[in-house]
Amino acid sequence: MPCFHWKDKYTYPYKTDYPPQEEEDAASDVTEGHDDDDQMYEGEYQGIPHPDEIKEARRAARREARMKARMAAEVEEETLPDQYESIMEDCGHGRFQWTLFTVLGLALMADGVECFVVSFALPSAEKDMCLSNADKGMLGLLVYVGMMIGAVLWGGLADKLGRRQCLLYALAINCIFSFLSCFAQSYGFFIFFRLGSGIGIGGSIPVVYTYYAEFLQMDKRGEHLSWLCLFWMLGGLYASFTAWGIIPHYGWGFSMGTEFQFHSWRVFVLVCFLPSVAALAGLVFMPESPRFLLETARHDEAWMILKQVHDTNWRAKGEPERVFQVSQIKMPQAQDDEFIEIQSETGTAFQRFMVRHMTLVKQVMKNLMSLAAPDLRLHGLFIAIVWFTMAFSYYGLGAWFPDQIKYLQFEEYESNVKIFHREKVERFHFNFTLQNQVHKEGEYIHDRFIDIEIRNVKFEESLFENCYFEDVRSTDTFFENCTLKNTVFYNTDLWEDSKFINCKLENTTFLHPKKGCHLNFQEQNDILIYLVSFLGSLSVLPGNIIAGLLMDKIGRLKIIGGSMLGSAGCTFFLLLCFSQWAVVFFQCLFFAASAAAWNGIEVITVELYPASKRATAFGVLNGTCKLAAIISTFTFGKVIGITKIIPIILSFSALVCGGLLAFKLPETREVILQ
């Protein structure tokens with residue numbers, strides 16, 4: 001609305017220095033038709049304002065002054081985002097953004113790899129470490145627990161310490177713990193190192209998207225953040241391809257006695273942390289986000305970085321003479337760091353350390369609690385539900401697909417089991433593989449089992465007398481209610497406390513038992529499992545491309561809602577999964593339909609929150625995503641082989657609710673980053 005001064009509204013005659021006018025020119029239109037007495041009376045009244053009118057004029061002036069002050073304050077708050085957007089438009093989009101795109105893409109790729117490492121390595125690791133089903137389930141869930149903690153931790157710190165600095169810390173922790181996990185021989189150390197690795201890499205998604213978005217102008221933001229999602233897909237492809245090429249080759253390793261084993265799956269884990277190393281090396285040469293620096297009152301550093309972006313882009317475009325013309329940037333006044341600096345000048349080094357870090361913790365917690373402010377609460381709740389429902393379905397079904405394939409393989413395997421009943425074998429030399437067999441009430445006398453593999457074999461109520469076992473490797477092999485007399489086990493992994501159930505052992509000896517559950521890895525690691533993950537990762541490519549092309553044309557909400565509702569429709573096709581290849585096909589269909597929703601969710605999360613809370617909010621929401629992954633993975637895993645209805649109903653309901661709720665979010669396509 002137009003501004004005006006109160007004097008324009010309330011005017012009173014007063015003596016002026018204007019030259020005298022002629023009488024007929026000075027006559028007022030209002031006084032025409034009145035006699036001279038009336039004119040004299042009105043003139044006298046107008047020259048002496050009533051006291052009430054004066055008070056009212058003063059009150060109006062005060063109201064106008066307060067309104068202008070409020071408008072000035074609002075303009076002052078909006079100046080920085082508007083000016084920053086203008087600066088980024090002046091800097092252009094070019095070589096600098098593409099370089100940063102590659103570096104941050106490698107960090108995002110490392111996150112994608114982390115989601116697959118344990119699932120690929122576990123079938124082999126469980127044999128080296130003899131993991132139980134409970135141990136395997138705990139290991140898979142703890143990776144997501146670590147990523148959930150890391151998302152909240154690094155997201156909160158990134159708003160106080162800086163985007164680049166926190167991403168450096170997170171990637172360094174991921175590299176260190178990933179490297180150590182390659183050599184961990186015990187289950188306890190391995191699970192601890194993978195948890196630490198997850199905490200490190202958990203910060204990549206919230207910090208990467210926040211960091212990159214602050215170098216993009218409004219009309220480029222949706223498209224290029226969507227292209228960044230392609231690196232997560234590349235992480236899945238990289239993990240699948242390297243697992244396929246490395247793990248089945250059991251000879252790619254070495255051992256030092258029976259205490260230290262370094263088999264092919266450890267080589268795979270070692271190779272998988274290379275994207276994180278590459279991202280860490282590239283990030284060393286990247287600057288901090290100038291938007292963060294302005295929020296923390298570091299004006300000079302921000303100006304230098306913006307000039308660097310400007311000069312890098314325009315030199316690459318062949319215009320090196322173009323000058324960066326920004327001289328002043330208005331910024332909010334930051335006060336949190338002042339308390340730290342005052343305290344740092346007193347006390348011992350330990351006291352200064354504690355003061356700094358306790359203050360940092362308080363600031364992070366305060367920022368975290370501010371997400372519940374009235375202006376952010378409702379939209380924050382809506383987008384948290386969208387994150388949760390999308391992750392619940394995606395990660396739950398993502399774990400259900402390969403488990404369902406394994407179950408179908410197991411059913412086919414079980415249908416071909418060979419049963420031997422009351423066989424009697426005497427003085428026989430077993431030098432061939434025993435596989436998928438059940439032996440009931442058999443008798444084995446003076447038999448020799450040397451340098452063989454025994455897979456999925458069960459001996460029930462059988463007698464072993466004067467038998468000799470040497471260099472035997474086994475998996476899923478048990479002796480139940482058997483009697484063993486004068487039998488020797490030399491250099492085998494048939495352990496007395498785990499392989500023999502309710503057995504009677506008479507003069508039976510176990511010499512030099514093997515550590516680990518040794519097995520022919522090449523045959524046990526089914527190529528189909530790697531192919532399933534490879535195709536599943538590749539299938540998201542069409543969704544990523546569609547999202548990148550349409551994100552800035554049709555808006556975020558239509559991308560998210562349409563993709564989630566389309567994914568919900570795909571879940572009903574899971575009822576038709578009666579073969580392994582049917583599961584593979586519908587997995588690819590589901591991942592392709594849901595990819596665009598992930599892009600939209602991540603883009604709108606960046607744009608919905610102000611710079612001072614952006615990484616914190618993203619970290620909390622990504623932590624919510626990992627919590628949903630834990631719940632759905634555990635739930636869906638419990639019904640494998642029992643029913644398909646529960647995963648289908650839960651996934652469909654979650655996707656429909658989240659897809660419909662997404663349309664209630666504010667559209668941020670043409671909104672300047674606050």
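Note: Cβ is positioned from N, Cα and C throughout, glycine not excepted.
Feature annotation from TrEMBL assigns compositional bias 'Basic and acidic residues' to 50-60.
Marked as domain 'Major facilitator superfamily (MFS) profile' by TrEMBL: 100-669.
Per TrEMBL, region 'Disordered' is recorded for 13-60.
The transmembrane segment feature in TrEMBL is assigned to 98-122 (among others). Within its own chain, the transmembrane segment (98-122) is flanked in space by residues 131, 136, 139-140, 143, 147, 167, 171, 174, 194, 197-198, 201-202, 204-205, 208, 211-212, 215, 224, 227-236, 238-240, 243, 247, 265-266, 268-269, 272-273, 275-276, 278-279, 282-283, 286, 399, 402, 529-530, 533, 537, which lie at least six positions past its ends and keep a Cβ under 8 Å from the stretch.
Taken from TrEMBL, the feature transmembrane segment applies to 137-154 (among others).
Remote same-chain residues near the transmembrane segment (166-186) are listed as 107, 110, 114, 129, 150, 154, 157-158, 192-197, 199-204, 207-208, 211, 259-262, 266-267, 269-270, 272-273, 276-277, 279-280, 283-284, 615 (criterion: CB distance under 8 Å, separation of at least six residues from the stretch ends). Taken from TrEMBL, the feature transmembrane segment covers 166-186 (among others).
As annotated by TrEMBL, transmembrane segment applies to 192-213 (among others).
What TrEMBL lists as transmembrane segment is 225-247 (among others). Counting same-chain residues at least six beyond the ends of the transmembrane segment (225-247), those with a Cβ under 8 angstroms from any Cβ of the stretch are 101, 104-106, 108-117, 120-121, 124, 208-209, 212-213, 216, 264-265, 267-268, 271-272, 275, 521, 525, 527, 530-531, 533-534, 536-538, 540-541, 544, 547-548, 551, 595, 598-599, 602-603, 606.
The annotation transmembrane segment is assigned in TrEMBL to 267-286 (among others).
Summarising the annotation, TrEMBL assigns transmembrane segment to 376-397 (among others).
Feature annotation from TrEMBL assigns transmembrane segment to 527-551 (among others).
Annotation comment: TrEMBL describes 572-598 (among others) as transmembrane segment.
Packing against the transmembrane segment (645-663) from elsewhere in the chain are residues 382, 385-386, 388-390, 392-393, 396-397, 400, 557, 560-565, 567-568, 571-572, 574-575, 597, 600, 632, 635-636, 639: each is 6 or more residues past its ends and has a CB under 8 Å from a CB in it. Among the features that TrEMBL reports, transmembrane segment is placed at 645-663 (among others).
Taking Cβ pairs closer than 8 Å, the transmembrane segment (267-286) reaches residues 99-100, 102-104, 106-107, 109-110, 113-114, 117, 120-121, 164, 167-168, 171-172, 174-175, 178-179, 181-182, 197, 201, 235, 238-239, 242-243, 246-247, 252-253 in its own chain, all 6 or more past its ends. Same-chain residues lying 6 or more positions outside the transmembrane segment (527-551) and placing a CB less than 8 Å from one of its CB atoms are 112, 116, 119-120, 123, 222-223, 225-227, 229-230, 233, 235-237, 239-241, 243-244, 248, 398, 401-402, 405-406, 409, 559, 563, 580, 583-584, 587-589, 591-596, 599-600, 603, 669. Taken as a whole, the domain 'Major facilitator superfamily (MFS) profile' (100-669) shows an average pLDDT of 83 in this prediction.
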